Amino acid sequence: MADQLIRATAADGGIRAVGVITTNLTEEARQRHRLSYVATAALGRTMAAGLLLASSMKQEKSRVNIRIRGNGPLGGLLVDAGLDGTVRGYVQNPSVELAPNAQGKLDVGGAVGQDGFLYVVRDVGFGYPYSSTVELVSGEIGEDVTHYLVTSEQTPSALLLGVFVGKDGVTAAGGLLLQVMPKAARDEALVAALESRLGHLTGFTPLLRSGKSLKDIFQELLGDFGLAILPEVQLLRFDCRCSFPRVLGALKILGQDELEDMIEKDNGAEATCDFCGEVYQADRHHLAQLIGEIQREKAEKL
């Protein structure tokens, strides 16, 4: 099944629902960064969360950055997701592995840590980005992002995230975001019924692994709440904006002396993109061209 995002409403627009399947892009991230099992789960959950948060933005170039910094051995995570369905991200310590938790599941909370902060930056592509910071609740990602939504955006929300990774890689990943809009927030019976239904779920990936589609899951959860599934299915993908010209631009900033030193000692330079793991090689000729540009720019200022 292709990675995808679908939207729906229920209760006469009182409930907003968004679901994502991110199996393939999570597997791509696992391979690119050579992630451990628990690092795959942590990054996969965060990428799904980023796409779900970005889905509510309006401007075409809108993006969401989620940065998590806990006291666990994973170090930190950074995810960049766009309204256009693209996402990228990385983990500071990708090889960290932990024993399963008390429930026999991947110990994402232990890897991330419970003491720390979650930072969210919403950027619409112009003006000043909106940023918010909340303390981590559990390090399990889903609970932490839900805490952000309730605290910073003051929207009653339920967020389900899941990644199933085994010896053959990622076989199921995705998430579901349900939000009660202001028009329905005072309907205590509706909120209670929704909370009860969500409380009976054992997680998101079991639903995917049982063969259910996002529409099936929406129908199961919201079918008797006047569910209306929007027809558009948005495709999602792991995508990075890094490029060789950007690498050359970054090298140029180092200045002539540093570039000459690289030529003399290493016969060139190598750069690796943190977000996607792509390795770029700049040989001595590329660096010499940069030095020439620097010299010409200096001469023009005289």
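Backbone N, Cα and C atoms are what each Cβ position is placed from, and that goes for glycine too.
Going by Swiss-Prot, these are the annotated features:
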type	residues	note
DISULFID	CYS240-CYS242	disulfide bond
DISULFID	CYS273-CYS276	disulfide bond
Original post:
What residues, ordered by sequence, lie under 8 A Cβ-to-Cβ from CYS273 (disulfide bond) and sit at least six positions away in the same chain?
Top reply: CYS240, CYS242, VAL279, TYR280
Subject >> Packing count at CYS240 (disulfide bond) (other Cβ atoms within 10 Å of its Cβ) >> reply: 18
**OP:** Using Cβ-Cβ distances, find the residues under 8 Å from CYS276 (disulfide bond) that belong to the same chain and are at least 6 apart in sequence, listing them in sequence order.
**Re:** ARG32, ARG88, TYR90, PHE238, CYS240, CYS242
